[in-house]
Each structure stands twice: as C-alpha cells, then as structure tokens.
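Undergrad: Below you will find the structure I want to go over with you.
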Amino acid sequence: MNKRAMLGAIGLAFGLMAWPFGASAKGKSMVWNEQWKTPSFVSGSLLGRCSQELVYRYLDQEKNTFQLGGQARERLSLIGNKLDELGHTVMRFEQAIAASLCMGAVLVAHVNDGELSSLSGTLIPNLDKRTLKTEAAISIQQAEMIAKQDVADRVTKERPAAEEGKPTRLVIYPDEETPRLAYEVNVRFLTPVPGNWIYMIDAADGKVLNKWNQMDEAKPGGAQPVAGTSTVGVGRGVLGDQKYINTTYSSYYGYYYLQDNTRGSGIFTYDGRNRTVLPGSLWADGDNQFFASYDAAAVDAHYYAGVVYDYYKNVHGRLSYDGSNAAIRSTVHYGRGYNNAFWNGSQMVYGDGDGQTFLPFSGGIDVVGHELTHAVTDYTAGLVYQNESGAINEAMSDIFGTLVEFYANRNPDWEIGEDIYTPGVAGDALRSMSDPAKYGDPDHYSKRYTGTQDNGGVHTNSGIINKAAYLLSQGGVHYGVSVTGIGRDKMGKIFYRALVYYLTPTSNFSQLRAACVQAAADLYGSTSQEVNSVKQAFNAVGVY
C-alpha cells in the first residue's frame, strides 16, 4: 500500500517577500502576497486604542496597500473575538461582498496592551472593481447534483451513499486571477470508500472549479451515552501493554461501558463491528476487564484519546479539540482490514489494518494525536486540505502527534506511525520528522512536490515543515545552516500559538514562518534566542 493517502489549492497566498509599510506604519514588518499584491502578514505598533472599529480604520487608512475596493466595514465581518493566554485580544474577520463570503479570505487582528500589533491572512483585492457576478445562474440543487455526479464518475466509480454534510453555500472563489461566484458543496460518504469532498461549482455555468478531499487521514446497546457510575477498568492494548481506563457502569444494563466521564463532555469509544456505519455501538463489557484480542483496539483508542485531551489541557490550556470541552468519540473495528484512520469532521475512525502493512491504527499514540490534532485545526485555522495549506495541516498533526508521544513518554521518537506500520519490518515508519528523506519526503523547499497527486502533496511537503520543527526543537546543521535548538516544549508552544492565533485557511509556508516568528516574539520577546532560532529553522529548509 502507498504510505501517502491519495488525496490538490486555493492559491490566495503564493510566493511571499518582505515589503515596507506605508507612511502610517513606517518601519514595521510586512509579508507581501505576490499574486494579489496585498499584505498577508503585518506586525508592529500599528494603531492604539484598539477595537473592531480601529481595525476598520487602519485598513481604510492603508487602503492603497490592502486594496479592499471599498470601506473595510462593508467588506469584513467580525466572526470571532476572544482573549488569548497572554491577554491579547484576537479578532477574526471574513471578507464578503453582496452577502457572499470570499472563500479562505480570513483576516486575524491582534491587540496587545490596547494597541493593534499585527494582522495576518490574505484578502482578495478590488472586488468591487471586477466584473463579478453576484447572482447565480444555476440552483443549489443543480450544483449539488453536479458535485455528486463528479464523485460517482471520477472518485468512487459508483454512486456513493451520501451522508449529510455542511450546507451548500454561495461563496466568492479566487479562481487563479479571476474571482468567481461559486457554490461550495460538501459531499460526505463512507462507502464504497470514506470521503469528505469539498467542491467549488461555478454558479454561472456549473463548471467544477476545484475539488479536494477534506478527509484528514493518517494514512447502552447503541450509540447513546449511558447513565451510571464512573469506574476504572483494565485491559491490554494492541502492542500487548496493560492500561487502566476510565469506564462507566450502568446498573440498568449491567455492563461497563467505554465512557470516560472525567474529561470534559466525555470520551466515548464505539465498536464498528467491521461495518462502515458510524458511530457503531458504545463498547460494553461484562466484568470491566478488557483483555480479549478484539478489545485491544478499543483499549488503545479510549486510553490515548484521554492522553491527547490531557496534553492539550495541561500544556496549552485547551479544553478538547474545540476549546469548549467537546465530547471525543472514536470508532474502532471500522470495515474489514481497513488500512487507515481518519477524522471525519465529527469523530475519530480507526481501521484494523490488514495485519501486514498495518496493525490496528489506534495502537499508535502518535497516530491518535495526529488525527485529533486535525480536529483542533478544523476549529482554529481551518487550513484547507490542499497544496501548502494542506501540507501545514498535515505537519501540525505530525508535530503534535509526536509531542503527545513525548508527553506520555511511551517510547517517544521523531518517527510517525512506527508502532503500527509494517509490523514485520523493524525500524520502519510512515514518515520521519528528523529525516524526511528517509521515506522519500522533501526536507527543503527546493525539493517540494509540485504535482496534483495527494491533494498537491499534503503528506509529502509536510516533511519540509516537519524538518523545520525538528530543527527548532533539537538544533543542528541542515544544508549549511546552523540552528540553535530550544527544546520540544518551546517548539510546541510556538507552533500551537501560530496555529490557533495567526494562521488562516489558505496560509502557505511563508505565512507559517511569519506566524511562528510572531508567536515566538509574543511568548519570549522580539529579540529572544527563540525568535532567532525560528528564523534559522525556516532558513534551513528554504522557507522565507
């Protein structure tokens, strides 16, 4: 089996370069979007006495730079406003015109001590000056039929059993140089193979402008929670190690369930019974001892979900993947010999593997951490799973999956999936953060994959960012560039802050660099070794 899931981008931000501010922000730092000729990352002391209105005022003041084509308050809608862990106010805005949101055009504003300190994200310039149609010529139903037919013809080769996905909506899609009115259609299905496809359908003529699979992969006698008493059971995982797990005893049913009531809104583990219907049945046992071989995948999925919850809570102050203590649900024994695991947008799903290429996927703690980090990304930056933004999405999951493994101190290393991949081959893994080239992945931007396979190389080009993260943590010399390591903890803090507070759906590698530099400055000071090490690490992999 090919180790990379064969999953192609919205090019809001292509090559970036440093650019000076206008007179009103003299001497500040800016990263420039070469495609749209507008800023994608701005930092420094911008304006004081900040509020939503101040952000609008600054953008209007810099109208020749941002080229919004109208008043900022008419083009940007506030969609989020919160305080972060450092006491900074973080506001998220979406660009819209004629009530249609602009796909991926999100702006994040940071306020520190009452002063606007940074803007990140890329906006589409001069929409009011373009011949942009704002009324659709085809209906929602027609757009949905076109997307479903394309799935049947080109993806599954048969009509899939579609599930309810995100509602179809009209958006402004930045199709190369000409933004277009388009329908965003979500086609979600589990058979014949799982998929969570996003389609951009031209609202004028029904043409498929773009499509990608947003399925984030690694490569009581029912589904409802039960009322009962919290207990602790014991069992054996996929690799034969014993674990204590939080369960719930229902006196009504007389069974112990894999339902952990001690963390957030609960952790629930289900038995898929080798079918493809989710979530399956809440796992039940008669004596609270889970030592049967069939139990092993469930023991690990349940236990490791708790470890991931604890990592994000204790290290980053994050309560579950959504930040609001959402329940974590996992299904094991999905399908027969299914060689993958995925986050489907609402829960975790683990295949059993075929016993040769893979063991049950829940047996790898870094795999569980990887997949649940996709959920964190969904609720924060929302990185589009295609091209560079998709590779960042994958790299974030590799980074935090690895950090979870170190946090739990379960034979930690810088390999991905080594515990469950090719059980008959020692020393093998899906990917390596320390040496991406070991498994054929690029370790420098000059070696990046530029084709369309794997959604534009999301599982391949992630190696570039993985190497940067490894160098930032451990240090070393790479392509002649010396990097001073700052340790895993600080590296994780920097990448987490970049993910949650600076990245936007279409961020590319250069924007990630700028976000990590700013995150390090926020945490450790603008003249700190940490900031210098971030720059060194990205220099070493050719990302500027």
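Here the Cβ of each residue, glycine as well, is placed from N, Cα and C on the backbone.
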Undergrad: Out of Glu394, Glu405, which one does Swiss-Prot list together with Asn411, Asp413, Glu418 for Ca(2+) 3?
TA: Glu405
Undergrad: Which residue of Asp352, Asp354, Asp366 does Swiss-Prot report at the same Ca(2+) 2 site as Glu405, Asp413, Glu415, Glu418?
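TA: Matched candidate out of Asp352, Asp354, Asp366, per Swiss-Prot for Ca(2+) 2 with Glu405, Asp413, Glu415, Glu418: Asp366.
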Undergrad: Between the Cα atoms of Glu394 (Zn(2+) binding site) and Tyr421 (Ca(2+) 4 binding site), find the distance and write it as a whole number of Å.
TA: 18
Undergrad: Can you tell me the three-state DSSP label for Tyr421 (Ca(2+) 4 binding site)?
TA: strand
Undergrad: Comparing the binding-site residues Gln289, Asn411, Thr422, which residue's C-beta has the most other C-beta atoms within 10 angstroms in this structure?
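TA: Compared across Gln289, Asn411, Thr422, the most Cβ atoms within 10 Å surround Thr422.
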Undergrad: On the three-state reduction of DSSP, what should I expect for Glu394 (Zn(2+) binding site)?
TA: helix
Undergrad: Within 10 Å of Asn411 (Ca(2+) 3 binding site) (Cα to Cα), which of the recorded positions Asp285, His374, Glu405, Thr422, His459 do you find?
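TA: Those near Asn411 (Ca(2+) 3 binding site) - Cα within 10 Å - are Glu405, in sequence order.
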Undergrad: Using a 10 Å cut-off on Cβ-Cβ distances across all protein chains shown, tell me which of the binding-site residues (Asp366, Glu405, Asp413, Glu415) has the largest neighbour count.
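TA: Top count of Cβ atoms within 10 Å goes to Asp366.
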Undergrad: Taking only the Cα atoms, work out how far His459 (active site, proton donor) lies from Gln289 (Ca(2+) 1 binding site), in Å, as a whole number.
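TA: Checking the Cα atoms of His459 (active site, proton donor) and Gln289 (Ca(2+) 1 binding site) gives a distance of 38 Å.
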Undergrad: Where does Asn411 (Ca(2+) 3 binding site) sit in the DSSP three-state scheme?
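TA: Reduced to three states, the DSSP call for Asn411 (Ca(2+) 3 binding site) is coil.
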